[in-house]
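This report concerns only the one structure given below.
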């Protein structure tokens with residue numbers, strides 16, 4: 001039995017294209033892997049806090065007492081990291097907002113990137129500590145960006161996930177959804193076909 005963690009990050013709730021793909025992924029995964037456990041976390045509701053000057057102090061060990069806000073952020077960080085490490089497959093819904101990932105997803109990454117816990121520095125450079133995982137990224141876009149300089153999402157996620165130790169990453173794209181109903185429908189159909197292949201692998 002595998003444990004699957006699904007991370008939603010769209011601010012559009014039920015109108016989200018990436019959310020629809022995520023729901024389809026969950027439906028197909030449950031059908032093909034009936035014994036697996038699926039956990040869904042919506043990073044936009046409630047939103048993950050922004051890592052600001054106060055909260056960054058909570059992520060670095062020190063002797064100074066933590067403020068209540070820092071204590072809450074540290075507790076959430078611990079919870080998110082424990083959840084991440086406890087799952088085998090990580091599904092990330094990453095719609096493109098202004099060429100990059102949503103703020104909500106970036107805030108999540110800022111809270112789980114902690115030296116000595118999800119990565120460490122060695123004489124040979126950084127080493128990821130979140131190993132043995134498989135990641136699937138579902139990315140919806142209004143335009144066509146795959147394999148072009150305007151796709152900042154795929155390179156960034158490959159680097160970040162690899163940095164914490166997740167190197168087995170598959171991408172599913174739904175592109176051109178702002179180009180009209182026909183293009184959007186084909187994009188969704190193609191993405192669902194790609195999801196079928198990922199689920200069956």
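Placement of Cβ uses the backbone N, Cα and C atoms for every residue, glycine included.
These figures come from a predicted structure and were not determined experimentally.
Features reported for this protein in Swiss-Prot:
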type	residues	note
BINDING	10, 16, 17, 18, 96, 97, 98, 99, 140, 141, 142, 143	FMN binding site
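Here the features listed in Swiss-Prot are placed on the structure.
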residue	record	CB count, 10 Å
10	FMN binding site	25
17	FMN binding site	23
96	FMN binding site	23
98	FMN binding site	7
140	FMN binding site	28
142	FMN binding site	16
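Following the DSSP three-state reduction, the secondary structure of residue 140 (FMN binding site) is strand. The FMN site in the record is lined by 10, 16, 17, 18, 96, 97, 98, 99, 140, 141, 142, 143, and its two most distant CA atoms lie 17 Å apart.
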